[in-house]
Amino acid sequence: MPRSFLVKKHFNASKKPNYSELDTHTVIISPCLYEGYPVPVIPQPEVLRSGAYSPIAVWTTASPFHAPLPAGLSPLSGYPASLGRVSPPPPSDTSSKDHSGSESPISDEEERLQSKLSDPHAIEAEKFQCNLCNKTYSTFSGLGKHKQLHCDAQSRKSFSCKYCDKEYVSLGALKMHIRTHTLPCVCKICGKAFSRPWLLQGHIRTHTGEKPFSCSHCSRAFADRSNLRAHLQTHSDVKKYQCKSCSKTFSRMSLLHKHEESGCCAAH
């Protein structure tokens, strides 16, 4: 064990360390807020007395919180006030300039968009244009109706039947025509097939004997409305089908043909 640990030493309590003391009228300001601004923690060297230990700011005034800052200090940054605030760089207009400083050309789409935004009426004047014939319409529904019915370029498109050589303008007309080949409506009594449901319904009445359509001028009745409509023409005063041989008139073309086939009186 070293000898220094075995030697008893007496400690003099009356002896104090020689700390440098400040003047009585000086005030030490710790880092805090000075009127809402942060006080710099790095003071100027000439303000401190010799022998101070910590880098704190010292001002010789009785009211430190309302006194002006020492000369040469800025309340915001702690740097000398001669430097002033660092102003932000002016905004650079990079909208139409490239990195070389020359103006970059604006595309046609951007120019059209800028002109449309500058003129609010241009947006209202925007119309729906047909891509086939370049006609414009104020509503989308009007454009759709034009494409379906009235567009000449669209009418040149045709839908062909896979069972025959017929062609149709619309797909709906083609589907109605295909039913004449497939005949989906079949009679359960005799097995006869029809393309339309109303044709099947009229056929079933020939089996049941039902005749719901009666003539108001005579006692005849019919199973189908179209037959009643043709019969009503016989009661009409207008008979537009005339025989060329005897000048006799008929209300229906079928009656005229029957008259000519049976033998016209004038022909003999």
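Glycine too: its Cβ is placed from the backbone N, Cα and C atoms.
Checking Swiss-Prot for zinc finger across the ranges 24-46, 185-207 points to 185-207.
Annotated by Swiss-Prot as zinc finger, the relevant range among 49-72, 241-264 is 241-264.
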